[in-house]
Structures are given as structure tokens and as C-alpha cells.
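Participant: Once you've had a glance at the structure underneath, I'll fire off some questions.
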Amino acid sequence: MATLVPVGIIFTIILMISPAYTLNCTTQKFSSNRVFQNCSDLPVLSSILHWTYNSSNSTLSVAFTAPPAAADGWVSWAINPNGAYMAGAQSLIAFRQGGSLVVKPFVLNNYSSIVQTNLSYPVSGTSAEVVDGKMTLFAIFQLPEKMTKFYHIWQVGAAVASGVPRKHEFEPANLNAKGTLDLIAGLGGSGGAPGNAPSGSPSSPPSGTPGSPSPSIAPGGSHGGDSGIRQSNMIFYLFLVLGSFIVLCF
């Protein structure tokens, strides 16, 4: 019995350590050491959005992360100035092509037609990476002046054929992958609650960029800092269990 107690405690510790270090927007690190001023754990498709908005020149730097629906699948992040739907979305889609990761611009004319073409907003600095099965696309958007609030849509798919992403699933998570992005105040609507990105200076410090927004509660959402709070709580309980282990052993 004396042997079983430590084994049981160790098993409990393992179960608690795993969720404590689950990837979220405040713990995510990029291989290129890029840092963004804001981030949010999006509510569906296990997605994360990081962004920095430079108000002096209306540029938006983004990093969107999600696990593709399959190993050879794709991930997408899009701006739609007209509404929270796919038709008309100005999309960047990341996928594997010829053994390399690419990020290409597509416009969805309707729900059955996707066309690779330049977006309405100039885009630069596109790249992508895959870490632990999650794909991240990076890009810098040149937005119209004072365009600081718009609809954004994100999505994942399982296949690419001849350089064109195939249709995604139409499960509830896919259909709800949309929201309103407010570059100044944070995310609103179903887009998730705002959070602060990991501390550090942005890779290219923008001039005149507003600071991280004050924490707020989005309708139907949760507090943007909850992921960090949960992690701190899990670490506290970890030490509590370790203390119990020491007492039982001695």
C-alpha cells in the first residue's frame, strides 16, 4: 500500500501538469521570436490570433494559429468588410505546396467559388510555420486609414488540390468561426475576449501604436486573462499535491 500511494500521486501530478501547460495565446512562442502587442484565444477550431496595429501608418501585423483538419490541410484567416460571412472574404490561406509552406491570397466570390488573386488590402511579409501540428500564418496588412474595426473569419480544411484549398467541413465549429475584430479595444462579439500577448518588445516596434487594451468582457465571452489565471492556479495545485506527497512519504 505504501508503494501505491506515491504512484497514485505521481499519476495525479501528470494529469495536472498537462493542462497547466496547454498552448494558449499568452504562452505561445514563435520560432522567429516575433512578439505581438495583443492576442486572443478564439472560441472555436482551437485557434489563436496575435496582432499589432500601427495607427501611424494603418498597418496590421497578424499571426494566426490553428491545427489543420488533416496533415496536408490548410488554415485561413480573412477580413470581410461587409459582414461576418465567407462570401467576399479577403483571405490568406497557408498550406503545404511542393514540400514547402506557402501563404497565398484568395477571395471567396461565393460559397462555391474561391479565386487566387490580390486582396483589396496590400499584403506583405507573408510566411508560415508548423509547430507541434499547429500551423501559423504571418502577414502584414495595409489597411485603409481609420479602419480599426471589421469582421474577421478563420477556418481550417483537410485538403489542397492543384494549389487550391478544398472545402472545409460544415460542423458547428466551422460555421461559428467568425467575429468582430476591434484593433483598438480588442475582440468583440463571438470573436473571443481580448488578452495581452506575452511580455516583450515587438520585433519591429511600431511608432504611435496603442498599448494593449484594458481587459474587458465580450458578450458571451470570457475574460481575456483567464488562460493565464488558470495556469497559475494549476501550478498552485501542483505544489499542493507535491507537498502532500512529501508528507505521506515521510
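Placed from the backbone N, Cα and C atoms, the Cβ positions cover glycine too.
Quick caveat, the model's predicted, so the values are computed rather than measured.
Sharing the record's features from TrEMBL:
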SIGNAL    1-22  signal peptide
DOMAIN    45-157  domain 'DOMON'
REGION    191-224  region 'Disordered'
COMPBIAS  209-220  compositional bias 'Low complexity'
TRANSMEM  234-249  transmembrane segment
Participant: Determine how many residues of the domain 'DOMON' (45-157) DSSP places in helix, in strand and in coil.
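Facilitator: Tallied per class, the domain 'DOMON' (45-157) gives 0 helix, 72 strand, 41 coil.
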Participant: Over the domain 'DOMON' (45-157), work out the mean pLDDT and round it to an integer.
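Facilitator: Mean model confidence (pLDDT) across the domain 'DOMON' (45-157) is 93.
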